[in-house]
Each structure stands twice: as C-alpha cells, then as structure tokens.
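Q: Sending over a structure as structure tokens; questions will come in a sec.
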Amino acid sequence: MSNQGEYPEDNRVGKHEPHDLSLTRRDLIKVSAATAATAVVYPHSTLAASVPAATPAPEIMPLTLKVNGKTEQLEVDTRTTLLDTLRENLHLIGTKKGCDHGQCGACTVLVNGRRLNACLTLAVMHQGAEITTIEGLGSPDNLHPMQAAFIKHDGFQCGYCTSGQICSSVAVLKEIQDGIPSHVTVDLVSAPETTADEIRERMSGNICRCGAYANILAAIEDAAGEIKS
C-alpha cells in the first residue's frame, strides 16, 4: 500500500531533493592535486614575506661636550644614550647604570646645571652642553660639601646609588635657591624653603635599595647649611 496519502507534506512544492554526493575517481585526483599544490606554495610565500629587512648601518655623528670642565670631541652612534657615552666613550664610570629606564636615578648627572637621568636621553641631543658627573663635583683632596656630608652622615651602604644621589642633591639645593617650587611647596609666591618635606619630595626619584634615606636627608640638610655659609 502506498503511504503517499498519509504524508502529504512529502509532495510540497519547492521541497529540496537530496544533493548528489557521488565523486568520481578523476574528480578526487584533481582535488587532491590542487590541495597539495596549495600546501607547498603557501608556506614558502609566507616565509618569504616574513623575512626581516637588513638592519641599516649605524649613523655616526660628531659630538662636542664639555664634561667636567674639559671639552670632548667625539664620534658617536646617534642611538647612544648620554649614559653610555659617559661610561663607554669617556670611561666616567662613576655614573651608574641601574634600571636603564629612568626609574631609579642612579645615572643622574648635571646638564647645564640641571639634573637629568642620563639613561633617558640621547647624547647627540646635548651638542655643546656642559655636563657634570660625580667625578667633576670634587676630588679626594677637595671634596664637594655634599660629598663630605654624605661621608659624615653615612648616606650610603652599598654605594651603587650614591653618585646619582649626590648629583641630584646638589641640583635640589640649586632648585630651591632658584625658587623653583615642588609638589609640596605650600606658598607658590614666596621662595621655597629647605625643609625635610621639600627635600624628600625632590629626592623621591632617587631610589636607595639599602634604605639609607634618613642618613641621606641628614647629609643634604647639613650640606645646605654648609653651602649657604
């Protein structure tokens, strides 16, 4: 008996017939060959596109600096930081490389009288500048008042950060003397005073991992009185 009457929906207009999924052997060979060719060609083209270009040759530039009172004529790679120029070219290794990211202050030097993290600036940006490093502040026979104060108050332990601490301290007293306010300066009209809060705020960019901060503060306060007198 026919079931056509029981399932009239099978005769609806527009009902799709099943697709013919049969595949001849010839068609299978064609598809396999095309797939294999794609697998061979595509990785090679991707590899060729990913090969980096040759690194350009470094650009060398003449540079004149006045470092610790002495004029230096240099030829430096334009990508070289001031820190590396001081240490590698001029062998002034008193300036330390700490974090190399401008976060610790160990590389602080004075550039035209203002403190600067030498690891964050390119040497060629300071053509003709006057640079003072820890070696230029004083000598063993004639210490700068700040150097003498750090020794007197034991403002260090391992000593790695000390050159940056001292250079920054000298600049801090100069900033206060020049009337430059800080974030903790209460009266912006009057000249800032050399208070403990002012010193702590201004020295906050110089990290001492040994924790000699109390002695560093005492040294700066002592040197401030010595320099004023």
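Just so it is clear, glycine is given a Cβ too, placed from its N, Cα and C backbone atoms.
Source: prediction; values computed, not measured.
For C99, C104, G105, C107, C119, the entry in Swiss-Prot reads [2Fe-2S] cluster 1 binding site. For C158, C161, C208, C210, the entry in Swiss-Prot reads [2Fe-2S] cluster 2 binding site. As annotated by Swiss-Prot, compositional bias 'Basic and acidic residues' applies to 9-21. Marked as domain '2Fe-2S ferredoxin-type' by Swiss-Prot: 61-137. The region 'Disordered' annotation in Swiss-Prot covers 1-21. Sequence annotations record features per position, and here Swiss-Prot assigns signal peptide to 1-53 based on sequence analysis.
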Q: Just counting, how many other CB atoms are there within 10 A of the CB of C210 ([2Fe-2S] cluster 2 binding site)?
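A: C210 ([2Fe-2S] cluster 2 binding site) is surrounded by 14 other Cβ atoms within 10 Å.
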Q: Filter the binding-site residues C158, C161, C208, C210 down to the ones within 10 angstroms of C104 ([2Fe-2S] cluster 1 binding site), Cα to Cα, kept in sequence order.
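A: Correct set: C161, C208.
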Q: Taking the mean position of the Cβ atoms of C99, C104, G105, C107, C119 as the [2Fe-2S] cluster 1 site, which residues outside that list, in the same chain, have a Cβ no more than 8 Å away, listed in sequence order?
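A: Filtered neighbour residues, in order: K96, K97, G98, D100, H101, G102, Q103, A106, T108, N117, G164.
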Q: Whole-number answer please: how many Å between the C-alpha atoms of C99 ([2Fe-2S] cluster 1 binding site) and C161 ([2Fe-2S] cluster 2 binding site)?
A: 11
Q: Whole-number Å only: compute the distance from the Cα of C210 ([2Fe-2S] cluster 2 binding site) to the Cα of C107 ([2Fe-2S] cluster 1 binding site).
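A: That separation, Cα to Cα, works out to 17 Å.
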Q: Find the average pLDDT over the domain '2Fe-2S ferredoxin-type' (61-137) in the predicted model and report it.
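A: Computed over the domain '2Fe-2S ferredoxin-type' (61-137), the mean pLDDT is 98 on the 0 to 100 scale.
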